[in-house]
């Protein structure tokens, strides 16, 4: 038997080696196929956009051509031919205008089109650099809105509540992901995160304010560029407040309306450029300085978890079965030593090989009745494969291929201890009393994983993670006084709605100081709601109902990108309106510098001075820059949400500072 096992292990090893080698050989082919999958629809979409762009210049040329032709023809043959020529030019683009009008009448189609083109566009990699789906969606949405207005005079307007809802869903889903790590992250890097926030805010203000002064731009551009480069629209409102309440007096000959237009222009240009720029910068910051974002993210997760090997209750992957060295085998009972003993008696004799199923004459027996085992019964045992192969015939009988006996579903469940009857029992004692058919996978206390030692005593509030058949799990749950939380695809919407509602209300509360309104912000409020919800679930998995990881991941992904698509429809036309003379160039330069230099400097300080993990430092920097798309970019690049741990702290700090800075930037303009 041992030699057979050795042969089996060797065969598996060879197969694995061959499989890996084959993957290495076909990797370029797989890449080509994957690239083609994205390029085909993308090229078609880009061809359409290119055609529309060509139409824009063609329209301008045609109008000029028609105008000159009209003058010539009217001199020779009258005005009728000129009018006909003009009508033909207009009618030739009618079908395309109809399409753009349709997007205006059906804004939902506008959003879906931006997503459909933006996602594959963001996945295209040139020299190892890609935009990512968020920047791709933003770029496509801006292009469509610009073409629609400048060629056909169509302005797209999508209700702001749409973008607000999707942004809040994204923030809540992100909070659910990082909740258990948030508080441990604050303990280890709180001071560093505050310093990073101060660096980003102060450098942004200095670059934008003095950049406007050096460029000789008019009043109003400074707060507008700060607002756009920081992507905080509320700064515009603060600057407008300084205008309307008389705190700022416009220079002679300059109206408040003109200053308001300058604020809007500075915001529109710098907003889009800084949004795309910060996504690219944050995405590749660790790699720029020689760090592997995936490896660093894994290291950060390990450090923040305190060396725990299992995800905390409620976290992604916490209820996945994973690998187990235990296997299911079925045997036909043939030994007198076993015949006549009940399932429980067999468990006490051989706890390392519990019987999980008994088949008698083709029918399953109810294990709860604890009937004696008879000769010829087929029993299913879950234990170490090697032990079964070596000792199976000696203990039970010959192995059986009965499908009914071997078809035993195995579950993973978290059980919160609610009974004081078991409080103080050691794991060894629990194993003897309730361990039938179960494997203890992990033990958590206050969200922290504890080592599985035989002498460890359990307490009320502890969470035990078991692997085993549903019948065994239910029996253990009754004894422990808890409800087993199993892996589920169902999401409890009630708790999500309540949590998001509380977070929204908390974030919308504001107070005035010296005429400046201060508020945490509804998006940050929903983020904190998600953080606290997952934090409490890590201590009691019964709290908050089930939240499918698939549903959470979908909310995070689609929420942000739908928000960006709606935003693109609004800001696109304003960009073209602001491009005149050298003003637009200066605004673009100052805005990009104000958006990218501060987080770059803060990142360097974080990894060099405070010795922060590169992914955590990137998360702190993007939080200090108030860039949710930037956070999503580093999460995608590192394949982890650990970058979001410092995000709420730096986000909240710099939101307040940026509002104050925007107000004083207007006063000093």
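Every residue gets a Cβ built from N, Cα and C, even glycine.
Here Swiss-Prot gives transmembrane segment for one range in the set 84-106, 153-175, 291-313: that range is 153-175. It is 516-538, from the ranges 516-538, 608-630, that Swiss-Prot records as transmembrane segment. The stretch that Swiss-Prot tags with transmembrane segment, taken from the ranges 124-146, 331-353, is 124-146. Per-residue confidence over the domain 'RCK C-terminal 1' (316-397) averages 73 (mean pLDDT, predicted model). Away from its own ends, the transmembrane segment (263-285) comes close to residues 129, 131-132, 134-135, 138-139, 142, 220-225, 227-231, 233, 236, 239-240, 571-572, 574-575, 577-579, 583-584, 587-588, 590-592, 594-596, 599-600, 603, 614, 617-618, 621-622, 625, 627, 629-631, 633-634, 636-637 of its chain (Cβ-Cβ under 8 Å, at least six residues beyond either end). With a cut-off of 8 Å between Cβ atoms, the residues of this chain six or more beyond the transmembrane segment (585-607) that come close are 192, 195-196, 199-204, 207-208, 211-212, 215, 217, 221, 225-226, 228-230, 265-266, 269-271, 273-274, 277-278, 281-282, 285, 289, 291, 578, 613-614, 616-618, 620-622, 624-625, 630. Helix first, then strand, then coil: DSSP counts for the domain 'RCK C-terminal 2' (398-483) stand at 23 helix, 26 strand, 37 coil. Long-range contacts of the transmembrane segment (484-506) within its own chain (CB-CB distance under 8 A, at least 6 residues past either end) are made by residues 168-169, 172, 313, 319-320, 411-416, 466, 470, 473-474, 476-477, 520, 522, 525-530, 532-533, 541-542, 544-548, 550-552.
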